[in-house]
Amino acid sequence: MQWFNAVVQGLLLGGLYALFATGLSLMFGVMRIVNLAHGDLAVVASFLALALVGGTGLPLWVVIVVTVPLFAVLGYLTQRVLLQGSLSSGPLATLLVTFGLSIVLQNVLLEIFSADTRTLDGGSFATSSFQLAGSVTVGWLPLVTFLLACAVLAGIQVFLTRTGLGRMLRASSDDRETANLVGADSRHVYGVATAIAFATVALAGLMFAVRSSFDPATGPSRLIFAFEAVVIGGLGSLWGTLLGGIVLGVTQSLGSQIDPAMTLLAGHLVFLAVLAFRPQGLLAGRTT
Amino acid sequence: MSLSQLLTERAAAAVDVRRAARTSKASGGALLAVVVLLAALPYVVFSDITDTLVNFYVLVALASMWNLLAGFGGLVSVGQQAFVGIGAYSVIALADLGVQPYLAVPLAALTCVVFAVPTSWLAFRLRGDYFAVGTWVIAEVYRLLVVRVDALGGASGKGLAGLSGLDPALRGALTYWVALALTLATVGGCYLLLRGRVGLSLMAVRDEETAASAAGIDVTRAKRIVYLVSAAGTGAAGGVITISSLSVNPDAIFNVQWSAYMIFIVVIGGIGFVEGPLLGAVVFFALQQLLADYGSWYLVLLGAVGIAAARWLPGGLWGLVRDRTGLSLFPVGYYVRDPGHAR
Amino acid sequence: MSLLSIRDLTVHHGLLRAVDGVSLELERGEVLAVIGANGAGKSTLLRALAGLNAPTSGTVHLAGRDITRSPAHQRVSAGIALVPEGRRLFRSLTVEENLLTGTYRKRSGPWTLQRVYELFPWMTERRRQNAAQLSGGEQQAVAIGRALLTNPDLLLVDELSLGLAPVIVRRIYETLPEIVAAGTTALVVEQDVSQALRVADRVHCLLEGRSVLAGRPADLTAEQVEHAYFGIGDLTQDGKD
């Protein structure tokens with residue numbers, strides 16, 4: 001039963017990983033940018049929420065409603081101001097720019113908030129749970145984050161397949177120049193992709209903040225989770241990312257069941273195994 | 001005589017192909033003089049200066065190795081801290097086995113090559129940008145594995161055995177010379193490697209991978225050689241870090257910050273130039289010393305300068321110098337001159 | 001006023017002067033074919049008209065408006081659509097999704113998804129299929145449909161026949177009169193000279209980036225075209241004969 005419990009917890013965590021990884025996958029898919037500041041952005045969102053809750057006393061849900069659109073705007077601006085120019089200089093330049101951003105964000109957070117470990121208080125909701133079957137208890141918070149993550153992924157999926165702009169995002173990902181020929185302004189399309197990525201990162205960052213502790217240096221390890229989820233699931237597939245996130249979450253959960261020190265290592269080893277034996281990912285090939 | 005032979009000979013007669021834009025025996029002599037001067041420093045200055053210089057040499061070595069990897073091999077790794085850590089821990093482990101720590105430094109380089117072979121086998125499966133994060137994950141795996149080995153001190157790290165009997169002044173001087181030797185070996189190694197066949201292959205690959213591979217260049221082999229050499233140099237630098245600090249901590253030695261240092265030094269100094277890491281390390285070091293009292297703001301500034309360099313100055317500072325003066329201390333490329341104007 | 005007016009257009013492709021001082025006028029409702037051998041600069045000319053390659057000098061006016069420096073996506077709004085060489089369908093999109101990308105700018109005009117399906121009836125059945133699974137000829141038709149859905153005033157078609165069987169090429173060209181009848185002007189680049197002479201109201205022959213021969217197919221002799229195409233003999237003299 002303990003093992004079953006571990007699988008259930010891992011599955012719920014995996015949904016959050018998938019939501020978090022979506023932005024990384026989207027930015028790579030559309031612009032071929034690997035955003036090395038991805039994890040740090042989530043941590044910035046966590047700290048922003050912490051400061052807002054502490055400073056204004058607003059309830060957490062209001063903070064979420066404010067932070068997520070704010071990040072979308074920041075994402076659009078980041079793309080237009082910082083990333084667009086480096087795109088023409090090749091993949092090395094974009095990698096260096098995002099890595100620089102990562103270092104800047106980490107150290108600014110360190111200077112403002114110190115290196116202390118924090119948590120975001122989610123109230124009684126964050127700790128309440130219900131009994132699923134026998135000894136398996138499911139927390140409301142993990143369940144709600146899982147469902148919310150799935151809902152957001154489904155929403156992005158609908159956007160990408162049913163709207164003109166979403167189609168143009170996918171078209172640009174296939175062939176940027178031809179997308180220009182049917183009227184896509186790449187800079188705008190890329191801005192929108194980055195905005196979605198930032199918004200999902202912010203949402204995931206807030207959920208992480210309520211679930212577990214964080215400090216200014218947490219970003220890189222978060223980035224690695226997102227990256228692993230994307231590679232395990234296979235590039236260019238939202239459902240692949242969901243699967244990858246769940247595989248990673250379940251593996252970590254089972255690993256910690258064996259030995260708490262094995263949590264991270266188990267996830268990394270599954271990632272390396274996929275890399276060695278199925279480098280295209282579990283669900284490769286199909287787009288969206 | 002075939003047509004292609006004819007054309008090649010005509011072309012060779014029409015132009016003069018040689019290395020270097022403006023290099024001379026004088027600049028080589030000046031370099032030698034600088035090295036002799038640096039080697040004599042422990043006799044002249046106080047140990048705090050030489051200790052500071054040890055850190056500087058380590059940075060130059062690390063950055064040179066990353067420059068070789070990314071600037072010439074096109075392998076942009078964010079996981080070289082794996083080899084800093086493995087090198088550092090190798091020295092600790094070898095010293096525990098009774099090997100003289102200074103002799104353990106070159107052995108640490110060998111250990112890293114041994115680890116780099118399977119690592120490259122995994123990492124080379126990731127194309128392009130994903131290579132960066134993939135190598136980072138692999139570095140994390142090494143850290144997590146090392147932490148599980150009790151003989152290496154687990155999560156709290158371990159002190160270096162075998163140097164306690166030495167006189168501190170002598171130890172300081174020996175460490176300084178080892179660090180200087182490391183820098184000379186890495187910078188000189190880059191230069192020699194790039195002047196040879198491997199360098200030629202890499203530059204062909206850098207210019208046009210498809211054409212290079214069609215011309216019979218084994219692209220993967222050239223890249224793997226670069227990866228292994230870079231791992232060796234980075235590992236030796238990790239070993240020098242250990243003999244300088246006398247202990248090792250897993251979180252610090254496997255920290256991605258090492259990659260940040262390497263990357264920013266190279267990008268600011270000039271990626272793809274042997275001289276770049278030297279110049280970049282000077283700038284980095286100056287920033288670090290100037291802003292020492294402002295906590296981690298120097299990293300914020302460094303990140304910002306790195307972004308700016310990547311965005312607006314793709315050749316870095318050395319690229320700027322070379323465009324203005326045509327100067328090249330370590331010429332590894334070829335230049336075509338019109339014989340009418342040459343000399 | 002001409003729909004398209006090109007004056008002294010020079011476009012570089014790297015160091016090569018791919019298009020060298022070309023001038024031409026195109027009236028509404030016309031079909032103009034640009035012919036020429038491989039490397040004559042035809043594709044570069046079209047890419048410059050679509051906004052993919054920036055010209056070095058010269059001007060391009062569309063219905064009197066200077067569009068010489070506009071980026072590609074703005075030219076779509078202005079009324080230019082290019083069917084690129086090699087079809088270039090979006091591989092991960094379905095047939096219908098590929099077509100619908102043409103409606104992104106929502107330019108008004110005669111072309112709707114329904115109308116494209118009427119032009120190429122087989123597409124209706126296969127609209128849910130992935131575009132990568134189509135044959136070359138089918139892909140070419142989808143690429144034309146996609147361009148039509150932007151409702152262009154000027155349709156540019158690059159090397160339609162490239163890699164396709166002659167019977168397929170003829171079938172696709174048979175739709176051209178219907179397209180022009182709907183109010184679209186067409187500029188086609190074609191390596192297959194006889195095909196070009198069949199469909200065009202006027203032809204322009206390019207040689208090494210320069211315009212060497214222009215006229216109505218009926219007014220040109222086979223010899224003239226051949227000489228212009230291959231660059232044999234004294235072209236100006238031949239032109240007067």
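Counting starts with 1 at the first residue shown.
For all residues, glycine too, the Cβ spot is worked out from N, Cα and C.
A TrEMBL annotation is a machine prediction, not a hand-curated record.
Feature annotation from TrEMBL assigns transmembrane segment to B:28-46, B:52-70, B:82-99, B:105-124, B:131-154, B:174-194, B:225-248, B:260-287, B:294-313.
Taking pairs at least six residues apart, the transmembrane segment (B:131-154) and the transmembrane segment (B:52-70) share fewer than three Cβ pairs below 8 Å and do not count as touching. Within its own chain, the transmembrane segment (B:28-46) is flanked in space by residues 53, 172-173, 176-177, 180, 184, 329, which lie at least six positions past its ends and keep a Cβ under 8 Å from the stretch. Counting Cβ pairs under 8 Å to the transmembrane segment (B:52-70), the stretch among B:82-99, B:105-124, B:174-194, B:294-313 with the most such contacts is B:174-194. Here the transmembrane segment (B:174-194) sits against the transmembrane segment (B:260-287); at least 3 CB pairs are under 8 Å, leaving out pairs fewer than 6 apart in sequence.
Long-range neighbours of the transmembrane segment (B:260-287) within the same chain, counting only residues 6 or more positions beyond its ends whose Cβ lies under 8 Å from a Cβ of the stretch, are 55-56, 59-60, 62-67, 70-72, 78, 80, 187, 190-191, 194, 206, 298-299, 301-303, 305-306, 309-310, 314-322, 328-330, 332.
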